[in-house]
Amino acid sequence: MGQQFTNAEGEQTEIDVAELQEWYKKFVVECPSGTLFMHEFKRFFGVQDNHEAAEYIENMFRAFDKNGDNTIDFLEYVAALNLVLRGKLEHKLRWTFKVYDKDGNGCIDKPELLEIVESIYKLKKVCRSEVEERTPLLTPEEVVDRIFQLVDENGDGQLSLDEFIDGARKDKWVMKMLQMDVNPGGWISEQRRKSALF
């Protein structure tokens, strides 16, 4: 029998008790104080010295910090893991929208999207294979222009939540570009491998 848990969208989901206990054990090991602070979150992702990566991780942290107290407690941790591991596409896109909307006005403008795309490009550069290295990429500005061209239905220069979700559902390229990697395992592994070499 599982525990009822309300996810970010207010829906009841069931989490297995054994799984919840395992998550708690991991949380206590990583955060003996019972709360996860920004500096610990950054350390986990190995981004203390990388400004662009730090901004990306700070945005993720703020999105997981539901009550805005600048810490992630166990319930917020469980909600984050539930989103990452089990979340429906729409929930992940809603969360991604919240991360991208840095000023919290309910819309994403070009400068906000450009900042995120540039950060993601810098983060992902580390993980590109040799074949990918030879494949020319669009510049971050070209990515943002193309996304707005495909997704900004009313042409107001801002993406609403509905435009963001609809655009991602209609176009696979847009989906790939808009859907934030909330489980950047390859990037984390690469960062840890690099730090082990020094």
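Using the three backbone atoms N, Cα and C, a Cβ is placed for every residue, glycine included.
Per Swiss-Prot, the feature Ca(2+) 1 binding site maps to Asp65, Asn67, Asp69, Thr71, Glu76; the stated evidence is sequence analysis. According to Swiss-Prot, the Ca(2+) 2 binding site annotation covers Asp101, Asp103, Asn105, Cys107, Glu112. Annotation source Swiss-Prot lists Ca(2+) 3 binding site at Asp152, Asn154, Asp156, Gln158, Glu163, citing sequence analysis. According to Swiss-Prot, the domain 'EF-hand 1' annotation covers 16-51, on the basis of a curator's inference. Taken from Swiss-Prot, the feature domain 'EF-hand 2' covers 52-87. The domain 'EF-hand 3' annotation in Swiss-Prot covers 88-123, and the record cites sequence analysis as its basis. Marked as domain 'EF-hand 4' by Swiss-Prot on the basis of sequence analysis: 139-174. As annotated by Swiss-Prot, N-myristoyl glycine applies to Gly2.
This view paints the features noted in Swiss-Prot onto the structure.
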residue : record                : Cβ contacts under 8 Å, 6 or more apart
Asn67   : Ca(2+) 1 binding site : Glu76
Asp69   : Ca(2+) 1 binding site : none
Thr71   : Ca(2+) 1 binding site : Thr35, Leu36, Phe37, Asp65
Asp101  : Ca(2+) 2 binding site : Cys107, Ile108, Glu112
Asp103  : Ca(2+) 2 binding site : Glu112
Asn105  : Ca(2+) 2 binding site : none
Asn154  : Ca(2+) 3 binding site : Glu163
Asp156  : Ca(2+) 3 binding site : none
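Taking Cβ-Cβ distances under 8 Å and a sequence separation of 6 or more, the neighbours of Gln158 (Ca(2+) 3 binding site) in its chain are Cys107, Ile108, Asp109, Asp152. Residues Tyr100, Lys102, Gly104, Gly106, Ile108, Asp109, Gln158 surround the recorded Ca(2+) 2 site, their Cβ atoms falling within 8 Å of the Cβ centroid of Asp101, Asp103, Asn105, Cys107, Glu112, which are themselves excluded. Neighbouring residues of the recorded Ca(2+) 1 site, listed in sequence order and excluding Asp65, Asn67, Asp69, Thr71, Glu76, comprise Thr35, Phe64, Lys66, Gly68, Asn70, Ile72, Asp73 (Cβ within 8 Å of the Cβ centroid). Residues Cys107, Phe148, Val151, Glu153, Gly155, Gly157, Leu159, Ser160 surround the recorded Ca(2+) 3 site, their Cβ atoms falling within 8 Å of the Cβ centroid of Asp152, Asn154, Asp156, Gln158, Glu163, which are themselves excluded. In the predicted structure, the domain 'EF-hand 2' (52-87) carries a mean pLDDT of 81. Mapped onto three states, the DSSP output places Thr71 (Ca(2+) 1 binding site) in strand. Mapped onto DSSP classes, the domain 'EF-hand 4' (139-174) shows 25 helix, 3 strand, 8 coil. Helix, strand and coil content of the domain 'EF-hand 3' (88-123), in residues and according to DSSP, is 26 helix, 3 strand, 7 coil.
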